Every structure is written in C-alpha cells, then in structure tokens.
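Have a look at the structure below, then the notes.
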Amino acid sequence: LILFFCLAQLWGCRAVPHGPILGYREPACDDVETEQAALAAVDYINKHLPRGYKHTLNQVDSVKVWPRRPAGEVFDIEIDTLETTCHVLDPTPLANCSVRQLTEHAVEGDCDFHVLKQDGQFSVLFAKCDSSPDSAEDVHKVCPNCPLLAPLNDSRVVHAAESALAAFNAQSNGSYLQLVEISRAQLVPLSASVSVEFAVAVTDCVAKEAYSPTKCNLLVEKQYGFCKGTVTAKVNEEDVAVTCTVFQTQPVVLQPQPAGADAGATPVVDAAATASPLADVPAASLVVGPMVVAVPPGIPPVHRSHYDLRHSFSGVASVESASGEAFHVGKTPKGAQPSIPAADGSVPVVRPCPGRIRHFKI
C-alpha cells in the first residue's frame, strides 16, 4: 500500500506542467516608456487634487513591469514630484507652470503608482502619495532670511486673506469674488507682513454693489480665480497689496453625435473646474478613477501649512483594476533584466535606477 501511494505521488508530480512562470522586468528609470507611465501618474494627481497646487515630475525612483492577463502590463512605479506655482483650479498647462523654488519653501511629493499599459494607453489602477515641505534647516541654508510656510488657520493668515480679498472687491468694477480656500501663507518677520495666496470664485453680484455678500451665489457655469496678497502692519493701520486673476472659461470639445441628435449650442464650462472635483463632488469625497470614494473623517488636519497629497491619494484602487485578472505584486521570479557591460567585458546585472533629477532634490 505504501509503495502504491509513493508511485501515485510520483505520477502526480510528473503530470504537473513545467511551463515558464511569468515574472517582472525592470526597465531603466529614464526609459521613454517608464517616463510615459510616470507622466500619466502625474497627470492623474493633478486631475484629482481637490485643492492646493499642481505637481510636476522630478524623479523616477524605481520601476517594475508586471505582465497582466488577459492583456497589458502594469508599471509598479515610485516617483518624486515637486509642487508648482499653479493652483489646481488654474487651467494653465502643466508644462507652463513654474516649479516652486527652494527659497520659496518648496514642497516635495512621494508617490507609489500602479499604471496599466494596454493598447498603447496608460491608466492608473492604484495611487498612494504623501507630500511634505522642505525642512526649515535646509531652507535657511540656502536663504537664511527666507520666511517659512505658516499654518493656514493662523489668525494672522486668515485676517490677511480676508483683508486682501475685501480690498480687491472694493476696487473692482467686475463681479464680487468669494473666498474658496487659503492655499499658502508665509509670515515675514523683518517687514511684519503676511504673504498669502488663495483661490476665489466668481459670483452673480457686482463687487461694488455687494452689500450683502451672503446673498451672492456662484455662477451656474462656475468660474474661479487666484489671488496673491500681502498685508503689512503699520502703526494703527495696515497696508494691503493684492492682485487677482480670474481664469477664463473654455469651450467643451464635443464628441461626434449620432445622426439625429440635438445639435444645440456648444456649452461653456470652466476648464479648471473640470480638472478638479472641488466644484461637483461633496467636500467629504474625492474622485479616484471612475469612482467616488469617501474620505475618512477628520482630514485634512486643521494646523496644516500645505495640502498633503496623502489626503487624496491614500492607496485606494481604481475600479479599473477590477477588470481582467487582478494585479498583485508578488515574489515572482524576475524576467530578463537590463544590464550594462563592465570595463572588462563582463555583463553585471545593473538596474539603472533611480532616474535623473529634473529640477532639484529636497
């Protein structure tokens, strides 16, 4: 009986197919394909940020490419980003946005993404990010007298934003602007001033006639703007300097319609509003791919000095990841790896990562 059992086990082992086990490959972090996946990830960040500033790619730290059945590949990619000076509501293309410099107290993002490539198209399956300002020590090494980021709920910051917006509305011949969010602030001790940046929305009231601002409503076709102000304390008074830019609404690019469809007038929407869920999604929600996921209560923290990316990208998978075979990062044998010949002609296995730094490292 024991001999029969052993023979059965041996026959079962012979019956197992010895096909190859699919593994991952590790392309260079600066490969064209890797950069395409990274740029798709950055585009995803900027389209789903509800507040704060757009981010741009700074460096690809690592990348693994896994096969995905029934079709496509998944890029498991880690990237570093830097905050730009463009607010998320600003329709300015990212390529035209300046990176915030070290002397301005720069902010860096650190993100992990799973990006699907299928039929030449990239789509995000999973996103997890966090961001943080440069350390005070590093800022002062570069610029000893440069001001640091201040908490956005600091009473001096709130007062500066309200005073700057009130001053602008008082001098404006256009629509009354309403505060949307305070985005950034710095306390400047040498001049006893507060520098503040904030987003605004256009209302249906005329600025100089808005005697009851609470009765003013946002436009049906929402339109946003961005302001920068400085409030300087003087003896028994304060000086206020402020500039505001209202973003232009842009026409929708219509898709081809079936024959007989109603060819009405082209609707006009705010490009900045479509780039962010702020206008259409409740404050307690965020958009992740094609789905809306509730954010855990109590965030973002009250005493924040910037909008941390982790409050929008906390590792929630997109609905797209449910299509086809699920993707899981596992301990699978590697596939063919790129290599760089050594001076003696041997070919050591070298993974050319991390990639180049596009701006500066924090």
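Quick reminder: no glycine exception, Cβ is built from N, Cα and C everywhere.
What Swiss-Prot records for Cys29-Cys353 (among others) is disulfide bond. Cβ neighbours within 10 Å of Cys353 (disulfide bond), excluding its own Cβ and spanning all shown chains: 19. Classification of Cys353 (disulfide bond) by DSSP places it in coil, neither helical nor stranded.
Feature annotation from Swiss-Prot assigns disulfide bond to Cys86-Cys97 (among others). If you take the C-beta of Cys97 (disulfide bond) and look for same-chain residues 6 or more apart in sequence within under 8 angstroms, you find Lys54, Thr56, Thr84, Thr85, Cys86, Asp90. In this structure, Cys97 (disulfide bond) belongs to neither helix nor strand by DSSP; it is coil.
DSSP assigns Cys111 (disulfide bond) to a strand in the three-state reduction. If you look up Swiss-Prot, you'll see Cys111-Cys129 (among others) marked as disulfide bond, on the strength of sequence analysis.
When secondary structure is read from DSSP and collapsed to three states, Cys146 (disulfide bond) falls in the coil class. Listed in sequence order, the residues of the same chain lying 6 or more apart from Cys146 (disulfide bond) and placing their CB within less than 8 Å of its CB are Thr103, Glu104, His105, Val139, His140. Residues or ranges marked as disulfide bond in Swiss-Prot (evidence: sequence analysis): Cys143-Cys146 (among others).
Per Swiss-Prot, the feature disulfide bond maps to Cys205-Cys216 (among others); the stated evidence is sequence analysis. Its own atom aside, the Cβ of Cys216 (disulfide bond) has 18 Cβ atoms within 10 angstroms in the protein chains shown. DSSP assigns Cys216 (disulfide bond) to coil in the three-state reduction, outside any helix or strand.
The disulfide bond annotation in Swiss-Prot covers Cys227-Cys244 (among others). A strand conformation is recorded for Cys244 (disulfide bond) in the three-state DSSP classification.
Each residue of the domain 'Cystatin fetuin-A-type 1' (24-130) gets a DSSP state, and the totals for helix, strand and coil are 23 helix, 54 strand, 30 coil. Annotation source Swiss-Prot lists domain 'Cystatin fetuin-A-type 1' at 24-130, citing sequence analysis.
Of all the Cβ atoms in the protein chains shown, 9 others lie within 10 Å of the Cβ of Asn96 (N-linked glycosylation site). Here Swiss-Prot flags Asn96 (among others) as N-linked glycosylation site, drawing on sequence analysis.
The annotation N-linked glycosylation site is assigned in Swiss-Prot to Asn153 (among others) on the grounds of sequence analysis. Note on Asn153 (N-linked glycosylation site): other Cβ atoms within 10 Å of its Cβ, all shown chains, come to 14.
The N-linked glycosylation site feature in Swiss-Prot is assigned to Asn173 (among others); the stated evidence is sequence analysis. Residue density at Asn173 (N-linked glycosylation site): 7 other Cβ atoms are found within 10 A of its Cβ, drawing on all protein chains shown.
The O-linked glycosylation site annotation in Swiss-Prot covers Thr332.
Residues annotated as phosphoserine in Swiss-Prot: Ser131 (among others). Using a 10 Å radius centred on the Cβ of Ser131 (phosphoserine) and all shown protein chains, the other Cβ atoms total 24.
Taking Cβ-Cβ distances under 8 Å and a sequence gap of 6 or more within the same chain, the neighbours of Ser132 (phosphoserine) are Val107, Glu108, Asp308. If you look up Swiss-Prot, you'll see Ser132 (among others) marked as phosphoserine.
Following the DSSP three-state reduction, the secondary structure of Ser135 (phosphoserine) is coil. Its Cβ taken as reference, Ser135 (phosphoserine) is surrounded by 12 other Cβ atoms within 10 Å in the chains shown. Summarising the annotation, Swiss-Prot assigns phosphoserine to Ser135 (among others).
Its own atom aside, the Cβ of Ser314 (phosphoserine) has 17 Cβ atoms within 10 angstroms in the protein chains shown. What Swiss-Prot records for Ser314 (among others) is phosphoserine.
Annotation comment: Swiss-Prot describes Ser318 (among others) as phosphoserine, evidence class similarity to another entry.
For Cys244 (disulfide bond), the same-chain residues that are 6 or more apart in sequence and have a Cβ closer than 8 Å to its Cβ are Phe168, Leu177, Val200, Gly225, Phe226, Cys227, Lys228. Across the structure, Ser314 (phosphoserine) and Asn173 (N-linked glycosylation site) are spaced 43 Å apart at their Cα atoms. In this structure, of the disulfide-bonded residues Cys29, Cys86, Cys129, Cys143, Cys227, the smallest number of CB atoms within 10 A of the CB marks Cys143. Taking the disulfide-bonded residues Cys111, Cys205 in turn and counting surrounding C-beta atoms within 10 angstroms, the largest count is reached at Cys111.
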